[in-house]
Structure formats: structure tokens, C-alpha cells
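S.K.: This is the structure I have questions about; it appears just below.
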């Protein structure tokens, strides 16, 4: 609800201008891009329960605080405009964006620890159980992203923005308690969550050191193992700050950032992760850009809502298909088949560029009336579950009053976008499980943090691409560029898949063969 409503609130606050929304989107993208690896490293260094508790508390508290602050601003906006020449109101804007950005960073940490780490531990060594859990979580995400905006949108439509802020704040207060109770229940039922690989190895090393020293002193290990472990820990802690100066400690986040990206590059699933990131460089999604283009082509809100519903249904079908195909063909082959299915459907989008009704006209300058495009839009739409929640509908002009000659082009476009959802979500789940199964437990946080950074980077680039060519006449060119990036992404995945399976990649009916893990230990249960 908050991800959908924050864009509406910021537009309403700034007089139906998209400036605050654009600033918020850029701040969110830049923060995750720069801090993704650091957040992941923090997840790796701390216990699972502490990470889940902290991120959950920070995320919900920030949303509650933002809601209260927005309620104050909406109620006293007229007074704040004239107070100290509007500086107080400007400070409120900065506070809202800053706190909302902190909430998004905490949400990133929650997503990494729960969906990328807890799920793997709960599933144990069962690859099929992990696939089912991932699919179930994705279906829940899909349904939530459909129902939540509908609920808060109706509240703001029949009530007010003030009531909407209050409802979201109250909801987060209640849901925080419920979420914590559910996480605590899962933690208690899964003892393996209490121990991380890094912590386990450290305890083993200390125990071995204790045993060796006891034998040298002629004592039994039982007599003094615990005191020695405590002593070793006590000695190790004060040594570290003394060995390094202030500059070393200040530069530690930069070293963590660099180490995270290097570790990501050295992973055997590097090309699989990069392939998923390249799919974010596209205008062919049900975000504000695609719906803004549809608005220029004469589609009304009712039709768009039906199309978005159909897109969600096809996405859910993709998650269901993923579990079935994985059992029949194996995980790596599932990703290859999903990519082929997605690219095949996107060919309809390419065909729409050249069919009757397409506004493609490269003779029109994309920079014509750019300022008017950037500040003139008012339409809002829902964003994808992953990506930057940033509204740029203003990059497209309002629809002309003249009736369009043909709806063939826009129909083919949305047919391709909706049908491609099956392959897209199946491919997303494939790469997610590959990362879960093949990244060391001690590096799951930092690797997934860098993966999120890559996703945000490519998503940010696609918004920049639209800003450079905002007019509907150039949208066909953006479609071709988008399909090209998707093709490059799947080419990277093909390189990864062929490297691991060779010609066996094309044996589509071959199920997973755990015997083969002896030849490729880095990719267990993924053949």
C-alpha cells in the first residue's frame, strides 16, 4: 500500500507536479545501487533473528512516521506554505523522502533475509520444496500487489489523502506485530535458523584452539574450554580497532562495497544474475511508462485495469508453470525454456511497431517540448513488484481528441506484454533459486544485495532512456531497444546454461539427475 500511495501523496503535495516523485525515485534507486552490497554484508554478519527484527522494526516504524508527518502536512499545508517563506514545508518534503528511503532500504534487507536466506534454510536440502516455497511466495506477492493498491486507492477516492495516510500508518502498526509473531513462530519451528555457517565455523575454530591448549597444559578439555573461548573472544575484539587507524575504519564501507561486487563477479551464477538484471531495462512492463503510452493511444482506465488484471493472472500462471517444468526438465533447462517463451511473446511487441495504428515517426524530435512532457502529466499507475517506484507518465502527452484509425498496434503490444509474463516470472524464479542453491550461506546477503543493486541500475537506465525519448512517436524505438536488452539477457543465461550442461541443455524431457552433482559440485540439484 505504501509503495503505491507514496507517489500519489508526493504528487498531491507538490501541486500535481512530478518533481517530488522523480526525486524520490532517483533517491531510492541511488541508495539501493550504492548500499545494496553493504546491506547484504550486514545481513551476513548478524544473526538471522536480529536482522529480521531490526529490518522489520525500522521498515514499519519509518512508514508509520512518514504517514503521521504527511497527515500533519496535509492538514496544515496552507499555513506551512507561508511560514518562513515555505522553508518549513520544504524541510517536511526532505524528511518524508529521507524517511521513506530508509523504509525502502529496510525493506530490501527484509527481502534479502527472508526470501533469499530463511526460505533456503526452511526448505533444507530439498530442491523441490524450495521451488514450491519460492512459487508460493511469488504468488502471494502478485496478489498483494493487486489488492493493496485497490484498497488504499478506494480509501483515498471516497475519503481523503489525510484518511489514507492515517489508514496506512495504522495498518503498519498492526501488521508489524503480526509479522513479528509469524517470523518468531517460523524461527522456533526451524532450529537451523539459529546458526549461520560463518558463526558455526568460528565456534569450531575456537573449540579446537581450546582443546589444543588444554592438552598442552595437561588439563582436560571439559575443565577450561569455555573460559578459553571467552578469553579468545575477549582478546580478539580489542585487537581489531587497535590494529587499524581511523581512516581504515572510515573506508571500511567502501571496501565492503568493492568486496561485494568482486564476490558477485566471481560467482559461478554471475551470468545468470546478470541476465535477470538485463530484463529490467525494458518499457514492456505494466509500470507507469507503458500505461502512460496506452493512455496516449486512447485506452481508458477501465480497459487498463482489465489488462493489468490479465497480466497478474498470466504472471501467476508462470509461477505455477515453473514448478511443473522444473520437475520435468530440471532447473537450468526451465530458465532456458522460460527465456525462449518470453522472447517469442515479445516478438508481438516488435510487430506492433510496424502495424497500422503505430505512432512511430522518427522524424519527430524527442526533445521537442521536453519540459512540457516532464512536468505536465497527471496520470498515476501501479508499478511492478520489483523495480523503482517512480512515476514518469508525464513523459507522454495527453491523448488527442481525434479518434485513432486502428487499435491493431496497441492490441499487439499488450498481447505480447501480457503473454510474456508467463516466461518472465518463470525465469525470475529460476534465477532466484539458482542464486539460493549455489551461493555460500555466508555470502547470501552480500550477493543478493549486489543483485538488487544491478536490478535497480538497469531499471534506472530504462527511465533515463524514456526521458531522452519521451514522445509517443519514439515509443516504437524504445520497444525495439527493450527487446534487444531482453535478448542480450537471455543470451547471457544461455552461456551460463550451456557451460554447465553442454549439449544436454537441449534434452528438455530429462529430469534432474542428482548423480551428476559429483561432476559439477558447484551446481547441486540444478541439472
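Placement of Cβ uses the backbone N, Cα and C atoms for every residue, glycine included.
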S.K.: According to TrEMBL, region 'Disordered' applies to one of these ranges: 167-187, 188-208, 209-229. Which one is it?
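M.R.: Of 167-187, 188-208, 209-229, TrEMBL gives region 'Disordered' for 209-229.
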S.K.: Decide whether the stretches the transmembrane segment (20-43) and the transmembrane segment (474-494) have at least 3 CB pairs under 8 angstroms, with pairs required to be 6 or more apart in sequence.
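M.R.: By the criterion, they do not touch.
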S.K.: Counting only residues 6 or more past its boundaries, what in the same chain has a CB within less than 8 Å of a CB in the transmembrane segment (404-424)?
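M.R.: Answer is 279, 284-286, 290, 294, 297-299, 307, 310-311, 314-315, 317-318, 321, 338-353, 355-359, 479.
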S.K.: Three or more CB pairs closer than 8 Å, sequence separation of 6 or more: does that hold for the transmembrane segment (474-494) against the transmembrane segment (269-295)?
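M.R.: Judged by the Cβ rule, the two regions touch, with the required three close pairs present.
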